[in-house]
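In what follows, a structure is listed as structure tokens, so that the remarks can point back to it.
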Ligand SMILES: *[C@@H]1O[C@H](CO)[C@@H](O)[C@H](O)[C@H]1NC(C)=O
Ligand SMILES: *[C@@H]1O[C@H](CO)[C@@H](O)[C@H](O)[C@H]1NC(C)=O
């Protein structure tokens, strides 16, 4: 396991915007589509207190103005942008500002898109099993979601022997759903979430519940977390 290279942290600290971030305006993002070298992202800026109309500006690092939006209702401003992997992480830092009749707001906190989109390990994997009695007999539905980690995240249904029974790549932020027919299957199953940076496994669950396990020693399978590899993106950052 490796920690973030020191120079990467130094770059984050060196990002400069005029003014300290304020709480009166927030910035958030959602990944809409994943391309090999870029991500299509929705960035939202929101200042609930400011009187309308309000003009929002999305700023990139070094004070570059990306776009502006005038909002007359109570909704956040939406910016759809295609963010391309750049060798210099500090070029992928975004912040919101706003202005209305009563004054100016911001800058918001800084969104480090290089980190968010290319180098953030998968974490907070949640796996939920539900038993159902369908037409084709009893099934176990497994829903898996890692609520944090750079896209794309691939989810795998893994048996105790390490065999991959199925895999899915849902839209970023959506869970993978696996269906396991219990009439044909039994044993221990777990969900694994992987991106280019790390792999995380859920605890193993015995299916159907109450059956005698084939290999009782595997009770120890438990929850394992491993940082598997350093992403392509992070390697690029060391150039
Ligand atoms: C974003 O960029 C990719 C290429 O990197 C392109 O294929 C895609 O159409 C672009 N998406 C939008 C919405 O502009
Ligand atoms: C799994 O189910 C959820 C909730 O119904 C849905 O939002 C999600 O897109 C599904 N995932 C896949 C890969 O179909």
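From the backbone N, Cα and C atoms, a Cβ is placed for every residue, glycine too.
Heads up, TrEMBL stuff is auto-annotated, nobody curated it.
Given the structure is predicted, the values throughout are model-derived calculations rather than measurements.
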Out of 192-213, 214-235, which range is noted as transmembrane segment by TrEMBL?
214-235
When the domain 'IL-40-like Ig' (25-117) is classified with DSSP, how many of its residues are helical, how many are strand and how many are coil?
12 helix, 54 strand, 27 coil
Restricting to the domain 'IL-40-like Ig' (25-117), what is the model's mean pLDDT?
94
By DSSP, how many residues in the domain 'IL-40-like Ig' (121-212) are helix, how many strand, and how many coil?
0 helix, 55 strand, 37 coil
